[in-house]
Amino acid sequence: MIHDLFTTILADLFNPYSLFLALTGVVLGLVFGALPGVSSTMALAVMLPFTYGMETPAAMTLMLAVFFSSVYAGSVSAILLNIPGTPGAMITLLDGHSMARKGKAAEAMAYALIASIFGGIIGWVILVLLAPVIANYALKFGSAEYAAVVFFGLALVAYASSGDTLRGLAAGAIGLIVGLVGRDKITDVPRFTFGTADLQGGIDIIPLAIGLFGIAEVLSLLTRSDDDASQVPESPARTWPKWTALRQEFPTALRGSVIGTFVGAIPAAGSAIAVALAYACEKRLSKKPETFGTGIPRGIVAPEAANNACVGGALIPMMTLGIPGDSITAVLIGVLLLHGLRPGPGLFENQPDLIITIYGALFVAILLTALVAGAIGIPVYRKILAIPQRLLTAGVLILCLLGAFSVRNAAIDVWVAIFFGAVGFSFIRLNIPVLPLAFGAVLGPLLEENLRRTLLIHRDISVFFDRPISCVLIMVSLAILVLPALFSLISKLRTVRQKTSSGV
Amino acid sequence: MSPTPNKDQQPDPRESLNDLIAGGLCLILSFGLAIYHTAQAGRLHEDFGRDPGPAFLPVILLIALGLSGVALTLRGGLGMWRRRPPEMAASLFSLWPAAAAIAILVTFLPLRALFGAATALIVIGAALALLAGRTETSRWPVTAATGALVGLGLFGVFRFGLSVPL
């Protein structure tokens with residue numbers, strides 16, 4: 001199989017048609033992914049009609065190239081504009097945008113690219129070698145485990161985001177409530193819709209993220225004093241980090257990639273949980289956890305490696321079981337179905353050549369993303385920083401309006417973006433972390449669905465502690481939430497006791 | 001003799017005020033949504049048998065939000081105790097550019113309905129560029145014109161490049 005795979009990769013690289021399709025996909029993915037509001041799913045959906053007349057391998061080559069490169073490009077708007085294009089890029093902006101504000105935007109994008117390529121390759125290797133094994137492990141996840149994973153993800157975000165924990169918990173609760181707006185999926189009963197038809201379908205995460213991160217950031221820049229260096233400074237000439245600096249980030253990239261692949265393989269868990277887990281893991285292992293969020297490479301490498309490793313991970317349940325892990329793989333399944341193919345175990349038995357072609361196409365997409373983004377993408381993206389502030393501000397705010405509108409071509413999404421822009425700005429002024437709100441909104445529906453399904457099936461909340469995976473996840477989540485506060489309290493009590501005994 | 005707390009160890013009055021405001025907002029939000037949620041007619045509060053129902057998680061979250069609000073208010077109140085509140089008027093006045101930007105953004109949909117998306121974006125682009133470039137030395141007609149061009153350019157990208165029906 002390995003021999004066939006290498007032959008396929010070489011054939012793709014030297015076949016002008018395949019190379020043209022992969023290159024087109026990569027370039028389009030890099031453009032679409034960098035535009036706020038234009039998600040990987042939208043990029044794939046836009047490209048879908050072009051695949052109707054293609055052969056299946058050609059269609060998958062184009063779509064996988066768009067998929068992988070747009071996932072990387074989501075980090076560009078997060079780093080340059082503080083607007084995450086996808087939930088997977090929400091953690092990247094913590095250190096990525098902070099690094100850009102220090103005048104190291106190009107270096108931050110280079111770290112993101114290198115970590116993305118590394119994560120993509122690790123995810124690809126695991127996909128090729130271990131897909132059936134991981135698919136079996138992912139199948140062991142029932143509703144109790146899903147609910148526990150979501151709770152775990154929320155605990156990780158509360159831990160990973162900077163700022164006060166109590167304010168973070170309040171923001172998380174607001175986010176979860178926002179996630180519940182709209183018709184309940186099980187009973188079809190509307191909640192928090194205030195009688196408006198527009199809110200019945202719920203609040204989409206992309207306009208919310210555009211408002212919370214993009215509009216709020218620009219509003220914040222506008223209110224800074226005039227002599228303050230409010231614009232992200234242009235990068236110095238150096239883009240690529242030194243080899244010694246890169247070598248130090250290798251363990252981080254490896255851990256992030258493995259986490260990303262395994263979490264990505266859990267259907268519906270998504271990149272949001274993977275990046276939060278990778279970031280929290282690095283923060284926990286670091287000797288200087290307080291530096292996270294201030295613009296350090298590790299804070300970019302961990303989430304970006306995990307985010308792009310999720311691509312390989314998400315393909316595992318899709319290829320082996322025919323289960324779409326998220327909306328992106330649902331579109332990819334659509335491509336296969338359009339060509340009369342049903343992904344799943346049967347595909348491995350009946351179409352082994354196609355499986356190898358898909359694996360090969362993904363690898364070529366990773367290689368071309370590295371080449372195109374490295375040679376053309378970063379130099380072009382960094383030119384954005386040379387635009388005068390008045391035009392950048394106007395451009396970013398208009399981009400936010402159009403990006404929000406283009407998600408569903410709905411006016412309500414523009415209102416949502418503006419409203420959450422004002423909310424995010426208030427949060428910045430009040431020193432409330434914004435990230436828990438965004439993650440709460442992403443994970444709220446998933447938490448509710450699985451929590452209720454578990455209680456519906458098992459009737460008893462003790463089921464979460466009877467099942468080993470969910471029990472471990474809940475225990476670890478509680479430890480993450482409680483232990484830091486407990487240690488801080490003990491340390492304060494110790495200080496007070498020492499001062500009392502020394503008579504100070 | 002009990003230790004006198006060092007001035008540095010006392011909470012920053014601005015942070016205490018933030019706690020107080022954040023706590024108050026959380027309480028208003030939780031009470032407001034709780035009243036709306038409990039008063040909602042229809043099937044929301046019906047018994048769904050073994051399913052805890054669509055009201056289950058919202059109630060838990062509203063309680064959690066309310067408790068967070070109480071905790072933040074108490075912490076803020078204790079931090080502000082016998083301390084002079086920080087100056088607010090100047091801080092509030094400094095927010096006018098953000099308020100103006102939101103007001104400009106809010107006009108997008110009404111302008112789009114009246115004159116079309118291209119005109120709306122030209123007007124909004126010019127207004128935002130003037131707002132952002134208010135301290136720059138360039139002449140205002142030039143600033144407005146370049147802002148309008150940005151609006152028109154982005155309209156072109158989304159309308160014709162991405163086929164978004166603006």
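Cβ atoms here come from the backbone N, Cα and C positions, even for glycine.
Automatic, uncurated: that is what TrEMBL annotation is.
A quick note: this is a predicted structure, and the numbers were derived from the prediction, not measured.
The annotation domain 'DUF112' is assigned in TrEMBL to A:19-437.
The transmembrane segment annotation in TrEMBL covers A:20-50 (among others).
The transmembrane segment annotation in TrEMBL covers A:62-83 (among others).
Per TrEMBL, transmembrane segment is recorded for A:108-131 (among others). Long-range Cβ contacts of the transmembrane segment (A:108-131) within its own chain (Cβ-Cβ under 8 Å, at least 6 residues beyond either end) map to 5, 68, 71-72, 75-76, 79-80, 92, 95-96, 99-100, 239-241, 246, 249, 253-254, 256-258, 260-261, 264, 295, 297, 300-302, 304-313, 315-316, 319-320, 359, 362-363, 366, 369-370, 373-374, 377-378, 381-382.
Marked as transmembrane segment by TrEMBL: A:143-160 (among others).
According to TrEMBL, the transmembrane segment annotation covers A:166-182 (among others).
Annotation source TrEMBL lists transmembrane segment at A:203-222 (among others).
Packing against the transmembrane segment (A:258-280) from elsewhere in the chain are residues 71, 86-92, 94, 119, 122-123, 126-127, 134-135, 137-138, 141, 146, 149-150, 152-153, 156-157, 159-160, 292, 299, 302-303, 305-314, 316-317, 323-326, 439, 442-443, 446, 480: each is 6 or more residues past its ends and has a CB under 8 Å from a CB in it. Feature annotation from TrEMBL assigns transmembrane segment to A:258-280 (among others).
Annotation source TrEMBL lists transmembrane segment at A:323-342 (among others).
Here TrEMBL flags A:354-378 (among others) as transmembrane segment.
What TrEMBL lists as transmembrane segment is A:390-408 (among others).
Same-chain residues lying 6+ beyond the ends of the transmembrane segment (A:414-447) with a Cβ under 8 Å from its Cβ atoms: 87, 90-91, 94, 146-147, 150-151, 153-154, 157-158, 160-164, 167-180, 185, 202-205, 207-217, 219-220, 268, 270, 272-273, 276, 400-401, 403-405. As annotated by TrEMBL, transmembrane segment applies to A:414-447 (among others).
Here TrEMBL flags A:468-490 (among others) as transmembrane segment.
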Criterion met for the transmembrane segment (A:62-83) and the transmembrane segment (A:468-490) (at least three Cβ pairs under 8 Å): no
Contact call for the transmembrane segment (A:143-160) against the transmembrane segment (A:468-490), three or more Cβ pairs under 8 Å: yes
Distal contacts, the transmembrane segment (A:20-50) - CB-CB under 8 A, six or more residues away: 12, 58, 61-74, 76-77, 81, 83, 85-86, 206-207, 210, 214, 327-328, 331-332, 334-335, 361, 364-365, 368-369, 372-373, 377, 381, 399-400, 402-407
Residue numbers, six or more beyond the limits of the transmembrane segment (A:354-378), whose CB comes under 8 Å of its CB atoms: 1, 4-5, 8-9, 11-13, 18-19, 22-23, 25-27, 29-30, 56-57, 60-61, 64-65, 67-69, 72-73, 76, 106, 109-110, 113, 116-117, 120-121, 124, 127-128, 239, 311-312, 315, 319, 341, 347-348
